[in-house]
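For reference, the structure discussed in these notes is given below.
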Amino acid sequence: MRLKLTSHTCLFALSSLLVTPAFAAPSGDNTASDAVERGSEPGIWQRAGNNLSDTWHHWQSQELYVPAMTWHNRWTYDKAKTDRYNERPWGAGYGVSRLDRDGDWHSLYLMAFKDSFNKWEPIGGYGYEKRWRPLENQDVQLGLGFTAGVTMRDNWKYIPIPVLLPMASVSYQRLSFQATYIPGTHNNGNVFFAWLRWQF
């Protein structure tokens, strides 16, 4: 059963502010038909808008996000810092998603978790992954893509911060292990963050 419109409004409002169209992928039938009617391929901005609109209006699954781990790259951090950082990102999230005609994954999501300083950090946005099915068993899938979103952190006084990050996943049926890597400098950034995603 679909959740109330208010939750979807939050998802769309966040993601529409932050999507980075240069990375948008072709979406489903609506986008393709629009391009045919105009007799040309859609532009970057139009393709990004179509991906957001199709995911918003034609989502196929709801998703539960459960943060699983945070790992600070030991090659770029002093031990004194990693010893006191939190690497158990308790939290949860919700999203909606669809597969386009190529079988690729598109999502709008919201998630909140405990950050490195054990403070709450919300993030919301749009996610895309190109999907591969390397085995004869089509239930096993690999994904590679990006997420474009907005996050807010306690140590930045909860000022909205745009983010554009790589994303990869390993999926079996409805369960996915999904992760990103936040690049950075010495004692800053360089964090591997992973979560479980369950479709229902």
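For all residues, glycine too, the Cβ spot is worked out from N, Cα and C.
Swiss-Prot lists 1-24 with the feature signal peptide. According to Swiss-Prot, the active site annotation covers His72, Asp115, Ser116, on the basis of sequence analysis. Among the features that Swiss-Prot reports, site 'Role in lipopolysaccharide recognition' is placed at Lys81.
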Asp115 (active site) in three-state DSSP notation: coil
Residue with minimal Cβ packing [other Cβ atoms within 10 Å] among the recorded positions His72, Lys81: Lys81
Local Cβ density at Asp115 (active site) - other Cβ atoms counted within 10 Å: 20
Cβ neighbour count (within 10 Å, all chains shown) around Ser116 (active site): 19
Nearest-integer angstrom distance between the alpha carbons (Cα) of Lys81 (site 'Role in lipopolysaccharide recognition') and His72 (active site): 9
Distance, His72 (active site) to Ser116 (active site) (CA atoms, angstrom): 9
Assigned conformation of His72 (active site) - DSSP reduced to three states: strand
Inter-residue Cα distance where the pair is His72 (active site) and Asp115 (active site), in Å: 11
